[in-house]
Amino acid sequence: MALLEKYLFVKKSTIPNSGKGLFTKKAIAKGTRIVEYKGKKSAWKDVADEDGKNGYIFYVNRNHVINALPTKNALARYANDARGLVKIKGINNNCDYVTDGLIPYIESKKDIPAGAEIFVDYGKDYWKVIRENIKLWKQEAKDAEKEAKKKKATKSTSKKSKNGHKNGKSLNGKSVAGRKAKTKRAKA
């Protein structure tokens, strides 16, 4: 089976804030297997902790997943989902993922003109996890900001001594924190 890898290239995606995208140099007919999803093969249990943090894991079954994150030359990893976080009128998915045994491919579901970006459906579960992670990241950022403000407030109040005075002196002239307080005496 001849795949079209030599006719594919990577450049900035047409979807804003989506990073790089996968494009075709030549027209692709509907039903064409375009590119294999390549990467490091392992069992789900070996990458389960990365779920939600690594958007390049393709789940075939629990004993077989493909992690394209460490494989920068795996072209299929650059195909974006047109129905992701940002939807642009007129841009729709033009491909699907299909598997042949344990090998996943991107296959065109409509004719794709030369120069077009290849879009593939990541699935509802993918976007559910991403949206949940965004909520968590926002909450973590808020918590970190609160903690930073709290530390800043604690730092400015820590300059005061235990008796509440900034210079460590007590009002009655006794020593504070192991030092004798300096007081001015009126001349008689």
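Placement of Cβ uses the backbone N, Cα and C atoms for every residue, glycine included.
Please treat TrEMBL annotations as automatic predictions, because they have not gone through curation.
Values in this document were obtained by computation on a predicted structure and should not be read as measured data.
Here is what TrEMBL says about this protein:
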type	residues	note
COMPBIAS	149-168	compositional bias 'Basic residues'
COMPBIAS	177-188	compositional bias 'Basic residues'
DOMAIN	6-123	domain 'SET'
REGION	141-188	region 'Disordered'
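Across the range of the domain 'SET' (6-123), the DSSP-based residue counts are 13 helix, 45 strand, 60 coil. For the domain 'SET' (6-123), the mean pLDDT of the prediction comes to 90.
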